[in-house]
Amino acid sequence: QVAAASGHTVVLVDQSDEILKKSTKGIEESLKRVTKKKFADKPEAGAEFIKKTLKNLTTSTDAASVVHSTDLVIEAIVENLEVKNELFKTLDKFAPEHTIFASNTSSLQITKMANATTRQDRFGGLHFFNPVPMMKLVEVIKTPMTSQKTFESLVDFSKAVGKSPVSCKDTPGFIVNRLLVPYMMEAVRLFERGDASKEDIDVAMKLGAGYPMGPFELLDYVGLDTSKYIIDGWHSLEPNNPLFAPSPLLNKLVEEKKLGKKTGEGFYKYK
């Protein structure tokens with residue numbers, strides 16, 4: 001959406017036409033919300049903006065067939081290294097030499113993905129934040145093999161889509177999640193020890209630190225399965241790091257399929 005809205009030609013690829021229809025509809029709805037604010041006094045200009053943006057967007061279920069005419073590939077599929085590597089291996093065969101590959105992963109090593117291709121120097125991380133149309137930040141990740149030219153291109157692209165890029169090396173969680181995930185885990189441990197209630201911890205962080213959500217609200221919003229997946233991955237990389245220690249309570253909730261907002265219950269219940 002943000003790429004198409006900023007004048008780039010975009011091909012959105014997914015596994016089925018059904019998913020793509022749903023995605024396109026979601027983008028349309030999101031654009032309507034954006035234009036309500038952006039073009040409050042000029043509804044004609046707003047309608048024109050939506051039309052122009054959607055014109056920049058096409059869809060496909062065949063990544064290999066569309067990659068031959070792209071300058072940049074941004075992967076945002078399931079957080080599974082093997083699945084991502086399979087996709088990158090395939091696209092590497094069909095993409096032109098100059099095409100840059102980027103992953104939107106929040107927790108996996110970019111270097112491991114780059115090594116699945118023959119374009120390690122044209123590979124980096126572009127980590128956008130949810131919801132992307134609202135959030136201004138993009139983390140641009142440089143691996144030891146990423147060329148300066150590629151890195152600069154990724155920074156320029158981030159600016160061109162109206163975002164504020166920050167740069168980070170290929171380290172677990174980059175900047176934001178490296179600080180955020182251990183903070184959320186520490187909140188769970190505080191609650192597990194019985195030192196404070198989850199409600200009081202949430203209120204304390206909202207009113208005392210000015211955070212828009214408390215750690216338990218945020219965990220439910222992100223998804224407890226996603227948070228567990230991240231912490232388990234980091235724990236296997238650095239088993240002796242106490243910041244990455246797993247939480248029995250988090251594991252129990254995931255086992256019970258209480259994954260947060262998306263399932264109607266996590267640390268809190270949702271209607």
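Even glycines carry a Cβ here, placed using N, Cα and C.
Look at TrEMBL and you will find S30, K37, S106 tagged as CoA binding site. Annotation comment: TrEMBL describes 1-171 as domain '3-hydroxyacyl-CoA dehydrogenase NAD binding'. The feature domain '3-hydroxyacyl-CoA dehydrogenase C-terminal' is assigned by TrEMBL to 173-270. The site 'Important for catalytic activity' annotation in TrEMBL covers H127.
What TrEMBL annotates, mapped onto the structure for a quick look.
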residue: S30; record: CoA binding site; CB count, 10 Å: 17
residue: K37; record: CoA binding site; CB count, 10 Å: 8
residue: S106; record: CoA binding site; CB count, 10 Å: 21
residue: H127; record: site 'Important for catalytic activity'; CB count, 10 Å: 24
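Each residue contributes its Cα atom, and for K37 (CoA binding site) and H127 (site 'Important for catalytic activity') those atoms are 26 Å apart. Considering only the residues assigned to CoA binding, S30, K37, S106, the longest pairwise Cα distance works out to 29 Å. S106 (CoA binding site) is 6 Å away from H127 (site 'Important for catalytic activity') when you measure Cα to Cα. Each residue in the domain '3-hydroxyacyl-CoA dehydrogenase C-terminal' (173-270) gets a DSSP state, and the totals come to 65 helix, 3 strand, 30 coil. Across the domain '3-hydroxyacyl-CoA dehydrogenase C-terminal' (173-270), the model assigns an average pLDDT of 96.
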